[in-house]
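Under the heading transmembrane segment, TrEMBL lists 113-133, 145-170, 191-214, 220-246, 258-278, 298-319.
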Amino acid sequence: MDTAGAWIIRRFMNGIGSEAGGEIHFAHGGDRYVELVRALPGELRQPERSKRKDPLFQRLFAPIGEVTVSIWTDTVAAMYILGSAVRGAQMKLGRHAGVSPAAIVHQIDRMGVMATPIITLMSFLIGAIIAQQGAFQLRSFGAEIFVVDLVGILQLREIGVLLTAIMIAGRSGSAITAEIGSMKMREEVDALKVMGLSPVGVLVFPRLVALTIALPLLTIIANFAALVGAALVAWTYSGITVATFVARLQEAVDFSSVAAGMIKAPFMALIIGVVAAVEGLKVGGSAESLGRRVTSSVVKSIFVVILIDGLFAMFYAAIDF
């Protein structure tokens with residue numbers, strides 16, 4: 001009998017002794033084996049593992065490296081999706097890439113038409129709040145009429161497209177990630193590859209096109225609703241008639257103010273769609289992974305949208321646009 005056999009007997013003795021509360025005696029065994037069993041401890045001690053601390057430099061910069069690698073991986077995946085989408089756009093819709101115009105129209109209906117009520121209501125309230133706060137502050141200087149300039153320029157250049165894009169990122173971006181992620185969990189994405197279809201062409205391309213079309217249109221609706229809300233508040237709170245509001249708005253706002261906001265919309269739409277698709281394709285096989293990716297999609301989309309808005313603002317200031 002070797003040490004392994006002695007240890008098995010010792011464990012058996014410990015179990016019987018603890019349950020019965022009695023003593024166990026050896027019989028018909030050599031003294032050498034009895035001494036071997038009795039020499040073993042009641043419980044084997046776990047080996048002490050030395051807790052080695054990483055160097056301070058590594059602890060400080062390891063998270064930075066992980067974030068950098070994650071950003072690089074997401075960027076490569078985003079470029080792949082954009083490249084595949086451009087390649088799909090070069091093909092005739094309905095051929096090769098498995099994309100049909102009906103799929104794009106369906107996505108426009110879901111992301112654009114069905115989002116119109118909430119976008120309109122939100123923009124109406126935002127315009128009314130900006131007008132009320134602006135009029136309240138300008139009243140001290142007797143310059144309440146300039147609230148029209150404030151609302152017009154701020155809404156058309158910045159607030160309109162920015163808040164609309166944030167709403168779309170939270171509404172449509174999360175939906176795209178959840179849809180693609182659930183298909184990934186059910187291995188439907190792999191089934192498309194087996195059928196010879198491109199998942200980007202079938203799943204991502206129609207949604208990118210729909211977002212690129214829907215977001216500028218929703219921005220126009222949002223701007224109009226915000227100006228209506230501002231005009232209503234200016235009339236009831238400051239006594240500025242609708243005719244005066246419109247006349248002052250025409251003086252304060254020109255084509256560049258409208259174009260400055262509308263130019264941003266397609267870029268923001270593409271970013272929202274690409275980020276949502278990248279996160280959806282990274283979903284694993286668990287519901288926890290799906291929830292984590294949906295949250296990550298919304299957070300990243302909103303962050304990148306705000307970043308793009310800031311970059312455009314600096315670019316416009318540099319070219320005096």
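A Cβ is built for glycine as well, from the same backbone N, Cα and C atoms used for every other residue.
A TrEMBL annotation is a machine prediction, not a hand-curated record.
Most Cβ pairs under 8 A with the transmembrane segment (145-170) among the ranges 113-133, 220-246, 298-319 are made by 220-246. Non-local neighbours of the transmembrane segment (298-319) in the same chain are 74, 158, 161-162, 165-166, 169-170, 173-174, 260, 263-264, 267-268, 271-272, 275-276, 279; each lies 6+ residues outside the stretch with a CB under 8 Å from one of its CB atoms. Residues 116, 119-128, 130-132, 135, 139, 144-145, 147-148, 151-152, 155-156, 159-161, 163-164, 258, 261-262 of the same chain, all 6+ positions outside the transmembrane segment (220-246), place their C-beta atoms under 8 angstroms from a C-beta of that stretch.
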